[in-house]
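Trainee: For 12-31, 58-78, 90-112, 118-137, 178-197, 203-221, the entry in TrEMBL reads transmembrane segment.
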Amino acid sequence: MSAPADRISTGLMLVLSFGTGVLDAATYLGLHGVFTANMTGNVVFVGLGIADDGSVPLLRASLALAGFVVGATVIGLVQRGRQVQRNRDTVAAVTFLVAGLLVAGTAAALWRGDLSELVLDAVTGVIAFAMGAQAVAARRVGVGDVSTVVVTSTLAGMAAEAPWTGGGSDGRTTLRRAAAVVSMGGGAVAGAFLLHLGIAVPVALSAGLLLVVGTVGVARVGRARRRDRIAAAAGFAGQPDERVRRPVS
């Protein structure tokens with residue numbers, strides 16, 4: 001799961017983008033009227049809330065923003081740790097698993113229903129924390145223009161650098177950018193529809209997608225390490241024995 005990104009890595013990040021769309025639609029429409037992954041929207045909400053008379057959810061937008069920043073900070077610090085420098089791909093995959101478990105926990109809480117406002121605020125913060133962690137881990141995977149949590153820069157790049165504008169991007173890059181936009185938008189549509197079954201359903205779907213991506217990532221890292229060990233062993237076995245070549249004195 002490292003750069004340059006292959007097709008499987010690209011597919012996994014598009015799956016996460018879809019899950020982000022599902023989650024943001026569910027939390028915006030069914031929870032607090034704020035986003036848990038799209039922090040651009042929450043920054044605007046905070047600004048509006050400061051100047052507004054209370055119709056904009058300032059506190060909840062601030063909680064989501066803070067949760068996202070803390071999650072991103074924690075994973076950033078973990079990735080820079082000396083003990084994990086050689087295992088950053090594993091850390092990224094495990095991060096997706098942990099984020100999936102956190103979101104699954106919030107889905108379980110939401111399934112119970114009749115939660116207090118304080119608990120719902122905590123749910124918002126936990127989901128945002130998971131999305132911040134996901135965003136940093138996705139950067140490690142290295143799929144350009146697929147951050148999994150935002151498409152603003154992706155849209156700008158697609159429009160400005162498309163082949164038909166002479167911007168220099170090839171068709172594959174443009175297709176990847178378009179797929180990222182469609183994935184997140186499609187996820188939002190799915191999340192809005194699933195909301196009719198209860199908010200826990202789209203949240204659980206997003207959690208499941210995170211767990212699937214994390215599991216596939218761990219498996220891929222394991223296979224890559226086994227290939228490296230086999231290649232190293234084969235290379236060592238193919239080396240001539242210096243003791244045989246040394247002349248007898």
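Note: Cβ is positioned from N, Cα and C throughout, glycine not excepted.
The structure displayed is predicted, hence computed values, not measured ones.
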Trainee: Counting only residues 6 or more past its boundaries, what in the same chain has a CB within less than 8 Å of a CB in the transmembrane segment (178-197)?
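Mentor: 10, 13-15, 17-26, 29-30, 145-146, 151, 154-155, 158, 205-206.
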Trainee: Does the transmembrane segment (203-221) come near the transmembrane segment (58-78), with 3+ Cβ pairs under 8 Å (pairs 6 or more apart)?
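Mentor: No; fewer than 3 Cβ pairs under 8 Å.
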Trainee: Quick test of the contact rule: Cβ under 8 Å, at least six residues beyond the ends. What residues does that give for the transmembrane segment (118-137)?
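Mentor: Residues packing against the transmembrane segment (118-137) from afar: 16, 20, 23, 27, 31-32, 34, 36-37, 59-60, 63-76, 79, 91-93, 95-96, 98-100, 102-103, 105-106, 109-110, 147-149, 203, 210.
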